[in-house]
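Enquirer: According to TrEMBL, the protein has these features:
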- C15, C20, C23, C45: [2Fe-2S] cluster 1 binding site (BINDING)
- C85, C88, C120, C122: [2Fe-2S] cluster 2 binding site (BINDING)
- 204-374: domain 'FAD-binding PCMH-type' (DOMAIN)
- 232-239, 307-311, D320, L364, R382: FAD binding site (BINDING)
- Q741, R882, G1049: Mo-molybdopterin binding site (BINDING)
- F884: substrate binding site (BINDING)
- E1231: active site, proton acceptor (ACT_SITE)
Amino acid sequence: MTTFSVCLTGTKYGCGGGGCGACTVMISTYEPASKKIRHYSANACLLPICSLYGAAVTTVEGVGSTKTRIHPVQERLAKCHGSQCGFCTPGMVMSIYTLLRNHPEPTSEQMIAALAGNLCRCTGYRPILDACKTFCKESICCQRKANGKCCLDQEDDLFDNKEKVSTSLFSTDEFQPLDPTQELIFPPELMRMAENQPKRTLVFHGERVTWISPVSLDELLDLKIAHPKAPLVVGNTGVGNKAMHTLHFHNLLVTGLTLGAACSLSLVKDILTNAIAEFPEEKTRVFCAVLQQLRTLGGEQIRNVASFGGNIISRKSTSDLNPVLAASNCMLNLASRGQKRQIPMSDIFADGVGNNTITPEEVLVSIHIPYSRKGEYVAAFRQAPRRENALPITNAGMRVLFEEGTDIIKDLSIFYGGAVLTTVCAKQTCQTLTGRHWNEQMLDEACRLVLKEIALPGSTDGENVDYKKTLMVSFFYRFFLEVSQSLKTMVNYFSCNSLTFQDPCHFPGIPMEYGSVLKDFKTRMPQSIQIYQDVGPSQSPQDPVGRPVMHQSGIKHATGEAVYIDDLPPVDGELFLAAVTSSRAHAKIVSIDTSEALKGAGVFDVITVHDVPAANEFYFSDDPEIIFARNEVICVGQIVCAVVADSDVHAKQAAAKVKIEYEMLEPVILTIEEAIKHNSFFEPKRKLEQGNVEEAFETVDNIIEGEICIGGQKHFYMETQSMLAVPKGEDEEMDLYVSTQHPAIIQVMLLHLSYFSTGIRSNQFPTESEPTEDLVKSKSCRGDCYSITSRAVRLILSREDDMVITGGRHPFIAKYKVGFMNDGRITAVDAKYYVNGGCTPDESVLVAEVSLLKIDNAYKIPNLRCWAYVCKTNLPSNTAFRGFGFPQSGLVTETWITDVADKTGLSPEKIREINMYKKNEQTHFKQKLDPQNLIRCWNECMEKSAYCSRRTAINEFNKQNYWKKRGIAIVPMKFPFGVSTPYLSQAAALVHIYTDGSVLLTHGGIEMGQGIHTKMIQVASRELNIPMSSIHFCETSTTTVPNACASIGSAGTDVNGMAVKDACQTLLKRLQPIIKKNPTGTWNDWIKEAFKQSVSLSATGYFRGYNEYMDWEKGEGHPFTYFIFGAACSEVEINCLTGDHKNLRTDIIMDIGCSINPAVDIGQIEGAFVQGIGLYTMEELKYSSEGVLYTRGPDQYKIPAVCDIPEQFSVSLLSSSQNPYAIYASKGIGEAGFFLGCSVFFALRDAVTSVRNERGLKKTFALNSPLTAEQIRANCADAFTEMVREGEEGSV
């Protein structure tokens, strides 16, 4: 279901697979029998419009708009600063709105569950949840203090009374109340149609598909005979090759619960919840196990439409329900023409994916879930890359029935999913164990038998087989513990004189320290606090600088009225472009056959390298970037050609028909190790050195050497790369609308593509940038397509294409040698960085340079030598990303800091304090540094986080818990600000004043959600001394501000703010004579008089840029203008059996000077921090051995979700901080907070260290990034990992 054709563009297309929630809408249906209206959220990208006959669809436009009435959900989300780039915001609005339609006063648990299917890349979720809390009926505050206040409320304890601080970024007094009586009613015509219109078969014919909606089971069975291969679709979340009945029903029977196959998973969840409340615990153990899996199966949007039967009948290995249903002896009720039969659910998995137990003519009508019996225990388990809304790595369903009154196994069922292509049963294991006592001897045998019976194939998708095997036996051990605990509880009901048990009075149960592992991590509504210095009492109330002002586009984001590239109205004759990309990493192009593609419906042409009018390349550095591959391809995802057609669908269909013949070339280099082997590097290599490293190593007490691998990261901006090229019809002019951070370079690219053959100049390619998002470089071939077709061309990359074509953050391998004294002083470091640059240089050398310049982080290392090598590989070219090399470099530094702590026996925080910059010093590249605010941030973070007392509490927790451990880490940060090249920080602005007193402002900065436009309006408001409401911003365009530098390096506000200030001061200088003559006049009076006196009311502003430089030959310079300081303390808890973890608490202190907008700045810190959590703990890129990216969408590539943010989240801005180098003493803040996400990485390391120390494992160990559950589990070595290792050795 799409809204483009009717110009309802609020609903966003983010991924096309129901994985991001950007396209969430509300579906409403009327049930004539019950006279009830049902509202539920759903993903529009998965909903066939044919399936919605008789339903009402509400998009974000139907909820409210600026033209009619803004809904409280939209208002609060905007005013609570819950929108940055805004692309995810309509989906968030619809998820919250739908919940409120069903529950006007929801619980916090309901609110968290409603957002589990929505992703946000910008905000870090905290402000979104703040808006949600205002609708919840109960207090979210923990009230843990004796006075009933929240534990995060630190005002009484930690604030200097002389400081005027604030902890509120919004005022609830401004919010309009939620009035359920004012909501949209269900359309009466649909209600009448449902009640009066007889049901009839619906048939819809499309170009390639015919959709038939039958009205009865008999008709459905007839259709199955006529079309046995046709899939039967209920929710369309995964079309299978079998079918399910379209009736929705459930019946409670004497033997259990029978559910209609077409019941949605949400309905099944509600039915099971009610049944569990109604029946005794002994009868509902199967229900509880199924319900546990349902809670994390997809998001609400998926569960609302996915059918119970569809999940079963697809027999997918990733089904969380199938293992537990099969283990519980559930029955499937099938029907075909003239026949009904019942089969055990386990039968459909008996022979693997080729199983033909269900014939093509049969339909699954219902599923019977039995009651559990006395002495029967059932459990279900899963481990996924993310705790919620993620397909499992491995899951399991297990059931055991004991001989009455004993611990002797009468019947045992063990099923696993995620291991092979479908659900599998450990049948032989279960048979062997029948008749055994439930004890540790049985446990050991069971684990070994399972590993022997369930043979896992070699990895085909980048997943570690050993991890899956470890999970399989760990799950069984968890089941063993649960059942043992239940047996202990049960036996306590019996008299100690009973002889039924061998020794009932001393039935072992489980040790107390094992108990916590029986409780899964739950997602709770976070508690948070934001602390910033309030404006002074002398500041004018009209002056907005320093106040938490709402994002300028916040309301329009929430109403869906903000316009993105794909929201621009269709242009007459518009064509759509689809890229054809290489499927080989390194190969010669033998031939390109476009004949079949050209025959496709609506196809206009296929564009190849031969159609490019000029050189088919542009220069971003010294080496050219190629538009269309010519002669050979150098990575999977390289654009070979492109199809232009009359619709996006037709273009993509035709692109799939282009046949390319390749001849493989050698070598194929994918990894850093392979690049080193083949000596494949980009030049130049860089080196920095200070002191005498070799001499220092000779005098130290200890030397350690180590290596760390840091994986890459995809930008995963919610709006994919997009462009619209529109011809103007005169003088070869063309308007370009691009999602880019650098409009000027798009002009330059097109100039290279066309000027040499046509004479076209840059002034004929005005470029406008609509709201875009994260750091990415556009790669453009769209201008060529316009010049060939002479018609408007639109390109919106699909999520999959976007991830395959574009690069991301650079993977690193760092090798280091560190010399230090016994007291923890580090005196010598020798490090080498290897950076995976991909197939072209792009900005990789600059990233490598920055990583060397920032290698010291917060530490003074007297003798330091570091090298950086950029590897040339056959992967898509990696590029700029938030932090620009520092997140990798800083992690390396903190890793060897921690290694030193391990070696000396001192705590990591002690090593950090010993080696931290403490006085005015020089960096290793001889730039002066005043670390006063670094020390302040560190001390405040130690104090406000209560680090010392929590360290003690964690140690005690770890003593009392064996299978769960907690860890804590505190990390300082010195983030240098600057772009190293003066001309890259110049900026310009244009300010118009109109005769009615209104002001139009534009500048060269790009709004990516970081609030730059909002801040520029604040600057203009202060300078002109007029309210913000009088100032309007005009979108960035090369027609108004030419040659603008890219919005990079957190410099947008710094440089453009100076330009805006300059323009405003120019205008005020012109107005001064008029103001002096009429000092009591109003702004409007002065402007009218200026116009009468022919005073120009338009001015440009300009900022030359910062005086930054670096001499790499000498190894010294002044590449940065100032430094941003900070510190973060994070606490985590890990599950040693699965490797799963939960982020418990994070406290951040940041020195950002005098904040222009605390709401925006704190939002940037939090958003960057959570994005950093993604890099360091979960965002894992996986490639095949041929260079094909496996993780190409939200199903495979997991960014942080609501479940991943800390339960307690505090951000404080350092007070009384001044920065003389930037506008209004502020600091550029967009990137710095990203690195602090590594505090979670090191907290996890601390927890793993506790495990290893307790188990007597060797002290030195290495952890790589991302520190996934797989790594955590592998490093928490135990008897189960040893079993897996022994099994591997035995099979060799």
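The backbone N, Cα and C atoms fix where each Cβ goes, and this holds for glycine too.
Automatic prediction, not curation, is the source of TrEMBL annotations.
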Enquirer: Pick the one among the binding-site residues S307, N311, Q741 whose Cβ has the fewest other Cβ atoms within 10 Å in this structure.
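Expert: It is Q741 that, of the binding-site residues S307, N311, Q741, has the fewest other Cβ atoms within 10 Å.
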Enquirer: Quick one: among the binding-site residues C23, C120, V234, L364, which has the most Cβ atoms sitting within 10 Å of its own Cβ?
Expert: C120
Enquirer: Could you check which of the recorded positions (C122, L232, L364, Q741, E1231) sits closest to C45 ([2Fe-2S] cluster 1 binding site), going Cα to Cα?
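Expert: Checking each of C122, L232, L364, Q741, E1231 against C45 ([2Fe-2S] cluster 1 binding site), the shortest Cα distance is to L232.
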Enquirer: Mean pLDDT for the domain 'FAD-binding PCMH-type' (204-374), as a whole number?
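Expert: Result for the domain 'FAD-binding PCMH-type' (204-374): average pLDDT 87.
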Enquirer: Just checking the binding-site residues C20, C23, V234, F884: which sit within 10 A of C88 ([2Fe-2S] cluster 2 binding site), CA to CA?
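Expert: If one measures from the Cα of C88 ([2Fe-2S] cluster 2 binding site), the binding-site residues that come within 10 Å are C20, C23.
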Enquirer: Counting distance between Cα atoms, which of the binding-site residues G309, N311, Q741 is nearest C23 ([2Fe-2S] cluster 1 binding site)?
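Expert: When the Cα distances are compared, N311 comes out closest.
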Enquirer: For the binding-site residues listed here (G309, G1049), which one has the lowest count of neighbouring CB atoms within 10 Å of its own CB?
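Expert: Per-residue Cβ counts within 10 Å for the binding-site residues G309, G1049 bottom out at G1049.
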Enquirer: Rank the binding-site residues C15, C20, C88, C122 by how many other Cβ atoms lie within 10 Å of each Cβ and give me the one with the fewest.
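Expert: Among the binding-site residues C15, C20, C88, C122, the sparsest Cβ neighbourhood within 10 Å belongs to C15.
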Enquirer: From the Cα of S307 (FAD binding site) across to the Cα of C120 ([2Fe-2S] cluster 2 binding site), what is the distance in angstrom?
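Expert: Spelling it out, the Cα of C120 ([2Fe-2S] cluster 2 binding site) and the Cα of S307 (FAD binding site) are 27 Å apart.
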Enquirer: State the Cα to Cα distance, in Å, between C122 ([2Fe-2S] cluster 2 binding site) and L364 (FAD binding site), rounded to an integer.
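Expert: Roughly 43 Å, rounded to the nearest whole number.
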Enquirer: Could you measure the widest C-alpha to C-alpha distance across Q741, R882, G1049, the residues recorded as binding Mo-molybdopterin, and give it to a whole number of angstrom?
Expert: 13
Enquirer: Nearest to R882 (Mo-molybdopterin binding site) by Cα, among C20, L232, S307 (binding-site residues)?
Expert: C20
Enquirer: Could you tally the C-beta atoms, other than its own, that fall within 10 angstroms of the C-beta of F884 (substrate binding site)?
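Expert: I count 26 other Cβ atoms within 10 Å of it.
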